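Contents: one structure, followed by commentary.
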Protein chains: 4
Amino acid sequence: MKHMIFGESHGPAIGVVLEGVKPGLVIDMDFITGEMDRRKPGQNDLSTPRKEADSVKILSGVFEGKATGTPLCGIIENSDTRSRDYEPMKVLARPGHADYSGYIRYQGYNDHRGSGHFSGRITAPLVFAGAVAKLVLKESGVTVMARIREIAGIEDIPSRLTEEDPSILEGVAGKGFPVIDDTRGELMKEAIRKAKDEHDSVGGIIECVISGIPAGKGTPGRDSVESVLSLNMFAVPAVKGIEFGTGFDLARMRGSKANDPFQYRDGMVMTTTNNNGGINGGITNGMPVVFSVVIKPTSSIGLPQKTMNMRTLEDSDIAIEGRHDPCIVHRAVPVIEAAAALAICEVLGL
Amino acid sequence: MKHMIFGESHGPAIGVVLEGVKPGLVIDMDFITGEMDRRKPGQNDLSTPRKEADSVKILSGVFEGKATGTPLCGIIENSDTRSRDYEPMKVLARPGHADYSGYIRYQGYNDHRGSGHFSGRITAPLVFAGAVAKLVLKESGVTVMARIREIAGIEDIPSRLTEEDPSILEGVAGKGFPVIDDTRGELMKEAIRKAKDEHDSVGGIIECVISGIPAGKGTPGRDSVESVLSLNMFAVPAVKGIEFGTGFDLARMRGSKANDPFQYRDGMVMTTTNNNGGINGGITNGMPVVFSVVIKPTSSIGLPQKTMNMRTLEDSDIAIEGRHDPCIVHRAVPVIEAAAALAICEVLGL
Amino acid sequence: MKHMIFGESHGPAIGVVLEGVKPGLVIDMDFITGEMDRRKPGQNDLSTPRKEADSVKILSGVFEGKATGTPLCGIIENSDTRSRDYEPMKVLARPGHADYSGYIRYQGYNDHRGSGHFSGRITAPLVFAGAVAKLVLKESGVTVMARIREIAGIEDIPSRLTEEDPSILEGVAGKGFPVIDDTRGELMKEAIRKAKDEHDSVGGIIECVISGIPAGKGTPGRDSVESVLSLNMFAVPAVKGIEFGTGFDLARMRGSKANDPFQYRDGMVMTTTNNNGGINGGITNGMPVVFSVVIKPTSSIGLPQKTMNMRTLEDSDIAIEGRHDPCIVHRAVPVIEAAAALAICEVLGL
Amino acid sequence: MKHMIFGESHGPAIGVVLEGVKPGLVIDMDFITGEMDRRKPGQNDLSTPRKEADSVKILSGVFEGKATGTPLCGIIENSDTRSRDYEPMKVLARPGHADYSGYIRYQGYNDHRGSGHFSGRITAPLVFAGAVAKLVLKESGVTVMARIREIAGIEDIPSRLTEEDPSILEGVAGKGFPVIDDTRGELMKEAIRKAKDEHDSVGGIIECVISGIPAGKGTPGRDSVESVLSLNMFAVPAVKGIEFGTGFDLARMRGSKANDPFQYRDGMVMTTTNNNGGINGGITNGMPVVFSVVIKPTSSIGLPQKTMNMRTLEDSDIAIEGRHDPCIVHRAVPVIEAAAALAICEVLGL
């Protein structure tokens with residue numbers, strides 16, 4: 001299954017084309033709407049007040065409620081657009097944003113309104129595509145679940161799932177604020193609200209676990225499971241790092257501890273630890289695939305910042321008006337799941 | 001420029017085919033040999049004693065010392081192979097290795113000797129391909145330099161280059177043990193020797209800086225600069241994580257600090273900090289591209305480990321004989337540079 | 001520029017996503033509408049009476065009338081659909097159609113109404129994408145023009161353009177029935193009407209000439225100019241063959257005649273003949289690229305035919321009701337131009 | 001299975017890398033050598049006297065006689081090279097050859113000796129790769145057989161296999177000069193010898209039949225079976241056209257005759273004719289896939305020709321010395337089979 005995303009934040013619609021969807025797959029619109037709702041803005045005081053129904057209109061590839069197998073196009077119309085909010089900033093390169101790099105890349109022709117194609121809004125069709133991917137994976141017994149591992153320095157418990165049974169995640173994904181320990185979750189929310197009050201923003205880490213994936217999938221080299229997953233992850237705005245299993249902490253471990261010993265128990269091959277995140281040599285080993293991504297703090301903040309006028313190259317001050325999220329980590333959880341589900345479909349040849 | 005690597009550790013030869021090399025490029029064999037030597041094993045007590053000349057024989061794509069522009073194939077013959085070392089372990093899944101995942105993936109037909117195609121030896125042709133890529137980049141004024149950021153918990157100074165002038169790296173890459181602070185380097189070496197004496201291994205972090213890359217390169221989505229780089233990085237054995245700029249530490253920063261303010265100084269657009277690692281929205285912003293990868297501790301260790309017999313599925317003990325590196329971080333530095341150089345050629349359309 | 005087409009004949013809409021459109025390209029909607037009109041059905045008694053406005057609605061990638069450079073999605077809503085026409089034939093494999101092969105491929109889940117995704121209607125978004133490609137090529141001085149070379153055994157004059165000055169085509173593409181010799185064109189029309197009266201159909205050959213393409217473009221092997229063009233041509237329904245330059249007649253020529261001698265005249269390198277269709281070794285030689293494709297007779301005919309019921313596997317008779325074209329060659333001319341324009345953009349890296 | 005070919009006619013070696021070979025596939029070297037011998041030069045007076053053993057040396061991807069599943073590299077060393085033959089012609093653009101287009105494409109840096117990478121010699125590794133593909137297909141019951149359909153205007157009987165039982169081809173492929181009717185074959189040989197005596201060359205048509213391919217394979221659009229096959233065919237030097245089934249003759253048929261009626265007989269779905277060459281809508285319909293390619297007359301001829309000096313742009317005369325084939329059609333038969341086998345592996349996902 002391949003996907004191609006299109007659209008701008010303030011254009012008529014955003015959408016995605018999916019190629020190679022399994023013919024006959026029941027396109028469960030209730031499930032899809034549920035996934036869209038998990039990402040949707042305007043739900044509480046932790047997110048942007050922009051209101052979007054984010055309902056998906058399917059243009060092709062579905063007949064009588066089932067996937068035809070031919071390219072499936074789903075679009076989401078943009079409704080609550082206030083382009084005037086962005087007009088004054090058209091020539092100012094907002095720090096942390098793609099205004100300047102995009103200006104050079106597209107020679108000034110890209111749609112600047114609401115970040116255009118660079119908008120986090122582009123993740124809405126990604127969630128739709130990911131929901132279809134999840135329906136495909138479900139038939140193969142593969143589940144993709146993510147949670148907030150950390151926001152603003154406050155870690156959920158456990159801090160990582162490499163040594164925990166990932167079934168601990170069941171039920172967590174369904175939460176409005178998906179953490180294992182809700183007490184910790186409240187602390188995170190406080191930190192978000194505090195940042196919001198101070199016209200600032202915070203970032204965090206999302207951990208994702210893919211269970212039920214059989215051993216022997218993936219190919220060493222540029223088609224490694226890590227490569228395919230990371231390719232998709234860095235297509236998500238604000239992701240600046242990815243680690244598998246114990247990740248960067250492996251730098252401080254010895255081989256005798258980092259190596260995951262194999263054993264055959266209860267009719268299954270497994271490892272006693274999962275520091276390698278279910279992947280050896282770019283190939284799945286049958287353990288849950290575990291990875292984390294870092295989400296940088298939202299670039300749009302109300303605090304005054306230094307910047308540059310892209311036309312005149314003069315120094316300028318900027319304070320970003322408009323509606324924005326003080327933190328996007330919690331809204332990004334279903335996005336990361338979606339990007340992972342699409343990658344795993346690719347790895348499994350689904 | 002695209003590349004395709006082939007070969008097994010104990011087969012007749014390993015090699016690479018490069019497509020799309022710039023016609024007329026002078027194939028500077030002295031430079032290439034120098035790069036190969038940086039990675040080559042058997043140079044000191046910090047690495048495996050396996051001796052390999054690692055000299056590249058070019059089969060095609062070069063005529064009268066210059067690239068023809070047609071596919072360039074370079075091979076490296078394997079010489080010092082001691083396959084018997086591996087015979088007893090053929091059916092034991094070495095922890096941390098791809099023995100089991102590869103066994104399932106290739107249904108037991110892959111060459112197990114010296115890890116076969118999963119061997120770190122596969123990085124020799126990668127370094128060759130990367131050396132060609134560096135020659136291409138040099139003509140565009142782009143340089144790729146890496147250093148050891150951390151080994152066994154001992155950090156080089158500075159700990160990161162996101163706020164430093166990357167020109168600090170000049171001369172470092174030429175070192176046998178590429179760190180900025182040699183005193184810290186000695187501590188790292190001690191830690192490696194200690195692990196070796198204890199039949200164990202250590203890991204670390206490599207930081208890579210790409211300078212001279214113009215703004216406006218890359219494409220948002222799955223062709224982002226981060227995506228292309230990470231794709232190549234996870235093709236390198238033992239890499240388990242990648243972060244751009246400030247990476248995972250962004251999770252603990254506020255937007256007001258993480259955002260890199262733009263300014264125009266001395267005829268150049270630049271940012272005052274580089275927390276985004278030279279990339280906004282998947283596109284270069286003209287600042288040096290900075291990223292780090294974690295290299296897990298070498299999986300092959302002499303200490304006794306628990307494992308499983310892949311045929312009988314019975315528990316077993318294993319102590320890995322043969323020649324192996326107590327740490328591969330220092331030898332991986334030119335490998336990471338090579339993989340980065342190839343990725344950047346792709347981003348720049350070279 | 002890459003494109004991905006989606007849609008079914010009787011679904012809500014068909015469309016295309018274009019990636020890599022040149023930023024700032026003026027999206028000339030008058031030109032685009034003109035191209036759409038050339039293909040549009042229901043224009044005269046030579047084609048299906050199905051009426052479609054075929055007006056393109058752009059969802060993304062265009063801002064203030066110019067391409068942004070980010071993915072451009074254009075859709076065409078389906079309006080005049082009479083699905084009931086097709087209901088009775090749902091289980092009968094229409095000879096010459098993809099009903100049976102599609103039934104197996106998509107396990108019976110594909111949309112059968114009006115041939116679904118296999119419909120010639122899918123060429124409407126292709127013409128739109130091709131129109132954008134033509135606008136891109138125009139800036140590079142490249143033109144793509146096609147004409148009817150033959151219908152129902154009646155050949156236009158000249159029979160081929162390999163020895164003619166292709167400027168003879170100027171003005172031809174603008175004709176409603178694009179032949180060089182209108183007298184021959186009338187004979188072709190008569191043959192079409194005769195076939196229509198007899199509830200049958202006819203096929204033909206379209207010749208396409210790409211002028212202004214510089215020498216040295218393309219790559220030998222699977223990226224040859226012929227490969228890229230043919231890849232796109234066989235994506236067009238009803239195309240069953242392609243030949244470059246003198247094509248199949250080369251089988252009856254000697255090398256001394258088939259070889260095109262080079263000469264330098266009037267400041268240009270040219271060949272005195274163009275039997276190779278402007279391509280040597282998969283690479284353009286600066287002469288016009290000339291190729292022809294055969295369009296098979298329309299598969300939908302009113303005459304009774306033998307066939308099979310796909311469910312019961314029993315023999316059956318079929319007479320195809322509904323609206324169909326007795327010949328699609330003339331309507332396919334802009335489609336072939338579109339597919340060629342997209343291929344040439346790919347060859348030129350535009 | 002993907003392949004990447006490298007090498008030049010007079011370089012150290014030519015070769016190919018195959019990715020995705022089925023693990024455990026027995027690499028039957030006798031079969032492979034037999035295939036190589038079918039293409040090998042210097043076998044009789046109908047071909048170039050250049051002598052090449054054309055024995056394949058496998059560098060990777062095979063262990064204990066079986067494919068490992070990791071990239072398989074096979075090389076063929078060049079031995080009988082007489083580079084001096086080509087030296088005088090270095091600056092003359094041989095008509096019909098890629099000298100000029102390649103000179104521009106590679107800015108004069110490509111290896112001119114013996115046509116370098118444009119040499120027909122590049123088809124030797126293609127035949128090797130195709131032999132591996134045939135071994136893969138054999139396990140799925142798919143066979144690929146080709147024959148000479150026509151040389152120098154002399155047609156084999158039958159002129160096409162679209163209405164014949166393709167089993168007529170069995171045994172033909174094994175012939176040194178693969179035609180169905182040997183009497184016609186002798187006439188072809190005479191025509192070749194006559195052209196040779198007159199220092200000229202002749203071309204022809206090769207027909208290829210793929211049997212045993214199941215219905216429902218391929219995807220409409222740019223992944224159509226026709227697209228994938230033609231992509232590979234136009235990677236073969238001298239191929240200038242391809243047609244499927246009845247091909248260009250469909251232009252003169254009516255739909256009522258061209259449509260292939262479906263029927264279920266003897267437990268199989270089949271069509272009573274095969275004008276569509278086993279493909280409807282880009283997808284196989286279970287009938288043999290039948291296609292033909294035209295091979296242009298060999299460009300290298302001894303007769304004096306007009307041409308241009310690429311450096312001075314002056315007119316020049318040329319008479320090509322050196323060893324060349326008066327006809328390559330018969331030697332191209334296994335090459336077309338090889339290219340087809342690789343394409344079909346791709347279509348079948350093997």
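Heads up, residue numbers simply count up from 1 along the chain you see.
Yeah, the Cβs are placed from backbone N, Cα and C, and that goes for glycine too.
Annotated features, as they stand in TrEMBL:
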BINDING   C:R39  NADP(+) binding site
BINDING   C:H117, C:F118, C:S119, C:G281, C:K296, C:P297, C:T298, C:S299, C:S300, C:R323  FMN binding site
| query | Rounded to a whole number, what is the top Cα to Cα distance in Å among the residues the record ties to FMN, namely C:H117, C:F118, C:S119, C:G281, C:K296, C:P297, C:T298, C:S299, C:S300, C:R323? | reply | 45
| Sites among the binding-site residues C:R39, C:S119, C:K296, C:T298, C:S300 close to chain A [C-beta, under 8 Å] | none
| field | Fewest other Cβ within 10 angstroms of its own Cβ, chosen from the binding-site residues C:T298, C:S300 | value | C:S300
| request: Round to the nearest Å and give the CA-to-CA distance linking C:R39 (NADP(+) binding site) with C:K296 (FMN binding site). | output: 17
| query | Among the binding-site residues C:R39, C:H117, C:S119, C:K296, which ones place their CB within a distance below 8 Å of a chain D CB? | reply | C:H117, C:K296
| request: Just jot down the residues in the same chain as C:H117 (FMN binding site), at least 6 apart in sequence, with C-beta under 8 A of its C-beta; none if empty. | output: C:G7, C:E8, C:S9, C:N110, C:D111
| task | Would you count the other C-beta atoms found within 10 angstroms of the C-beta of the residue listed as 'NADP(+) binding site' for me? | result | 27
| task | Which residue among the binding-site residues C:S119, C:K296 has the fewest other Cβ atoms within 10 Å of its Cβ, if you could check? | result | C:S119
